[in-house]
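Chemist: The domain 'UvrD-like helicase ATP-binding' annotation in Swiss-Prot covers 26-482. Under the heading ATP binding site, Swiss-Prot lists A47, S48, A49, G50, S51, G52, K53, T54. The domain 'UvrD-like helicase C-terminal' feature in Swiss-Prot is assigned to 508-794; the stated evidence is sequence analysis.
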Amino acid sequence: MTFKPFLNPEDIAVIQTEEKNSDKKQKRTPEQIEAIYTFGNNVLVSASAGSGKTFVMVERILDKLLRGVPIDSLFISTFTVKAAGELKERLEKKINESLKSAESDDLKQFLTQQLVGIQTADIGTMDAFTQKIVNQYGYTLGISPIFRILQDKNEQDVIKNEVYADLFSDYMTGKNAASFIKLVKNFSGNRKDSKAFREMVYKVYAFSQSTDNPKRWMQTVFLKGAQTYTDFEAIPDQEVSSLLNVMQTTANQLRDLTDQEDYKQLTAKGVPTANYKKHLKIIENLVHWSQDFNLLYGKKGLTNLARDITNVIPSGNDVTVAGVKYPIFKQLHNRIVGLKHLEVIFKYQGESLFLLELLQSFVLDFSEQYLQEKIQENAFEFSDIAHFAIQILEENHDIRQLYQDKYHEVMVDEYQDNNHTQERMLELLSNGHNRFMVGDIKQSIYRFRQADPQIFNDKYKAYQDNPSQGKLIILKENFRSQSEVLDSTNSVFTHLMDEEVGDILYDESHQLKAGSPRQQERHPNNKTQVLLLDTDEDDIDDSDSQQYDISPAEAKLVAKEIIRLHKEENVPFQDITLLVSSRTRNDGILQTFDRYGIPLVTDGGEQNYLKSVEVMVMLDTLRSIDNPLNDYALVALLRSPMFGFNEDDLTRIAIQDVKMAFYHKVKLSYHKEGHHSDLITPELSSKIDHFMKTFQTWRDFAKWHSLYDLIWKIYNDRFYYDYVGALPKAEQRQANLYALALRANQFEKTGFKGLSRFIRMIDKVLENENDLADVEVALPQNAVNLMTIHKSKGLEFKYVFILNIDKKFSMVDITSPLILSRNQGIGIKYVADMRHELEEEILPAVKVSMETLPYQLNKRELRLATLSEQMRLLYVAMTRAEKKLYLVGKASQTKWADHYDLVSENNHLPLASRETFVTFQDWLLAVHETYKKQELFYDINFVSLEELTDHHIGMVNPSLPFNPDNKVENRQSEDIVRAISVLESVEQINQTYKAAIELPTVRTPSQVKKFYEPILDIEGVDVMETITKTSVDFKLPDFSTSKKQDPAALGSAVHELMQRIEMSSHVKMEDIQKALTEVNAETSVKAAIQIEKINYFFQETSLGKYIQEEVEHLHREAPFAMLKEDPESGEKFVVRGIIDGYLLLENRIILFDYKTDKFVNPLELKERYQGQMALYAEALKKSYEIEKIDKYLILLGGKQLEVVKMD
């Protein structure tokens, strides 16, 4: 059959015009049409976020099919397996649609064949394709087609460590042993083992594997920097130019600053100020030295230049004008710090070259021996397979030609995340002019997987400058987000991203534009919000130790806004997504959302199975059974819900003997043979007896039964499986416990038997900071999503919260003793012995670690690459939102503006600032403050802790999937159902007379309140209808020295203090302080009493003053006893108590009571103690036969003292 020909540029222009004039609701853009139909040359499509790149790719493939190109003549590479599956689904749908409209039978037959061929076509990841090549042609390299992939990191580590150990031993005894030892020590620091060196070897090996030819890179590039940058003349010209530019920029910024209105140039007498003269001198010198550099210094004089600059500029980074600090000298300081010592560095740097050659030799030998071991095992890593495939195509012209002839077009999605191995594969498969590449350098966020955005960037610049090499098409219309999201994203990155940081200039060609009229509609309520927790408050810990965690207060801030969206704007939870930087350290979010009833599901990427509480409890149970002398595990088991020992119980057991293991202390307590056996109460003795019998049963059972049976015996004996089933997230918890039993069973089926081996395997996994995959359960549909920014790439969500924007970027790599560059090779910190330099004869050595010049150059390159990737990560996160975007962090409301008021450079934040800022928040606040006169389309709002109380946040009404009170529905056994039916009949009778049945002879007012609350409704509230949401709190006992104050102890001390104060007509602070010394309490408890509040009570409140005036009528700490009658049984009982104080007047009594409870709303305490105060009033009324009794609560537990009158 005859197919339609491919379109030429004129034909494409006609389609673009027709599309523009059509009445389609959603029109294709001219650039999309161009990307779909352009033919005959390489095409690079730079597709901004939400611009429809997948649509373009599918339409282009379909157009190829309709023009007679079979699906198996296309090579289509996707970034993930999931993306490949989605692409196939879309293609199937499109082909089916074309089948329905096809007019000829031949076309229908052809399209049907393509529909069938989709599943076997080359549509998938590069890893999958390279496996296919090696399976088919691996014989040319001697590779068996029946190989397996080494995906288990633990298995990889075992083989690698064995190879490394053997090779290390050989080098330690080889001819260069002395130099090798020096090499190892150079990377070991203060450590006395070679683990640090091993980590460096593995790092170099992994880096080399990301190149298209690891061996060639190691031989030709690895030492390039070390061999090149050996003296001043070898310093790259661009580095010198960069330094001179920084000098010019610093001078210009300082000049702009001195011209500011607030800058004080002259004194009152009209004479230039000392600061102004100093700054003018700095400007003059920096300009002069940079302009006449070659004449004054040259490359050989760089050290002198660095010293001259150091002498003329201040030691600090900032210049302060009108109270605002400007980091004018920060970048210049950073650039000259390494130059000042270059003479010394060059003197010793040469010594490191031989060591690096030795390292090169070691890594090459390791790579070869590791590969040979994998060949013996016939098991390979993905990188091995990729390199095999490249080798096959490079060394076999016929095979390469076969593929090049086969493929009409070589297509790749997410091109910005390609690494050099993948790029080489694409080059080998292409005929040189049939590549179609789709991507967006602004979304390149996989550098940690060795992706190199410069591959995309080089193509972009080449096609932009020379269209004959390929066609560059830019898709900038966004079809995802409302204008509020697009505008705020543009306003941020217009001032942030350029080629220096970000790798591309975010100009008009890259700015996002709404692709439809619907998106251009304005919704002022959806303006992007930066929500910041105000860290001016003392309660918030803003220390570096907490900088990676999302604080509970930040989580509350998010919860508050989500509850508002849900209740006030009817936003379903499933429309809301939280984005975080990493999969770990998100416990604060989970706990906070659980507390406020917000349903939350994670993306499934978190591997925290072994860290889930219920699994940790079981693992500690198994550890204790295996080895009872494991104190940590045993205490955890005792403290767990299985046995319920509290801290007091554990302390009583612990002091039975100081030196013994805890298990022996338990046994001493069991036999009552310890040093303090009198402290073992009958109740505790019963607990210990029960534990010892159960525990010994488990230990005996473990000797003769499988792990699977043991685990289920534990579940059944202590009802632990049922217990977790009553907790929040019950399905997940029970699934985790069930999976533990299954995994133990699978472990024993592999031939490994015994509890000890299973425990060692688990501990090994944890030791290597690994985990087992989480167990999947059916997740709620209407729930907030929590996922990483990386995981969210390519997805879209209506409401997006980007959390923890104040989290610092990880810069750990730039402090490593070894930094690698793809183009310059290795740079190291060299540890030189400078004893002779210092003429030091006493010490055996004076070791100094110095950053070699290759290290300094690589470090700067790596820092910029890291910052660029973080900037692109922020871009990806912000462009996920459809309707509204939130960015959440924490900062000081009073200090932030001064910190970020910068001088603009070419409509961008100064490069110095962008290089030194280390959080998303820094960038956002700096843009907002520096360009505050422009419309930036995002607001900054600070939230205080006072706005994050439970009252302000609110609560989502919890809903249960079943009625927990219906026991019949929650049991399967018919016997249990019948038994429950009988018991419930009895229970109805018992419940009616519950208070009488449980009634003691004597009770306190608080206990009476507790017993009779359900039926007497003392507080005026129907307690039985109150929904109480409980949370699990399983913590190990804290035996540290830090101690929180016991509220009961504090309350008792306050009451004693109030009794001891010598009352008079004028109580002074001295009287209160004197009384405090007489209080019988610990020093820490007395220190916690806020005597200022008590003094305020007597000096400022009406009640306090009146008590002093009527001091002769005052009664304090008055005991009473009162006979009461049970309304159900008619039995009489006695209520006893002590009244804090009252004034006995002629015709009335004024009753008052001190309360130290913490509170925010005093009305809550008023409601809580209504019943207790009523009992006190009743006792006084009966004693004195006075009807009028005024009741007051004196509340000491709030920020301020409150006196509340009771009804």
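From the backbone N, Cα and C atoms, a Cβ is placed for every residue, glycine too.
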Chemist: So what sits near A49 (ATP binding site) in its own chain, CB-to-CB under 8 Å and at least six residues off in sequence?
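Modeler: Non-local contacts for A49 (ATP binding site): D440, K442, Q443, N478, R480, L512, Y875, V876, T879.
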Chemist: Check A47 (ATP binding site) against DSSP and tell me helix, strand or coil, would you?
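Modeler: Its secondary structure by DSSP: strand.
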Chemist: For G50 (ATP binding site), which residues of its chain lie six or more apart in sequence with Cβ-Cβ distance below 8 Å?
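Modeler: Non-local contacts for G50 (ATP binding site): N478, F479, R480, S481, L512, G515, E796, T879.
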Chemist: Mind looking up the mean pLDDT for the domain 'UvrD-like helicase ATP-binding' (26-482) in the predicted model?
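Modeler: Here the mean pLDDT over the domain 'UvrD-like helicase ATP-binding' (26-482) amounts to 92.
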Chemist: Residues with Cβ closer than 8 Å to the Cβ of A47 (ATP binding site), same chain and 6+ apart in sequence?
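Modeler: Spatial neighbours, sequence-distant, of A47 (ATP binding site): K53, V56, V438, G439, D440, L475.
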Chemist: For S51 (ATP binding site), write down the residues of its own chain that are at least 6 apart in sequence and whose Cβ falls under 8 Å from its Cβ; none is a fine answer.
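Modeler: For S51 (ATP binding site), the qualifying residues are L475, K476, E477, N478, F479, G515.
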Chemist: Using the Cβ center of A47, S48, A49, G50, S51, G52, K53, T54 as the ATP site position, which other residues in that chain lie within 8 Å, going by their Cβ?
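Modeler: Apart from the listed residues, the neighbours are D440, L475, N478, F479.
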Chemist: Let me know the most crowded of the binding-site residues, choosing from S48, T54 and counting other Cβ atoms within 10 Å.
Modeler: S48
Chemist: Are there any residues at least 6 positions away along the chain from G52 (ATP binding site) with a Cβ closer than 8 Å to its Cβ? List them or say none.
Modeler: Q32, L475, E477, F479, G515
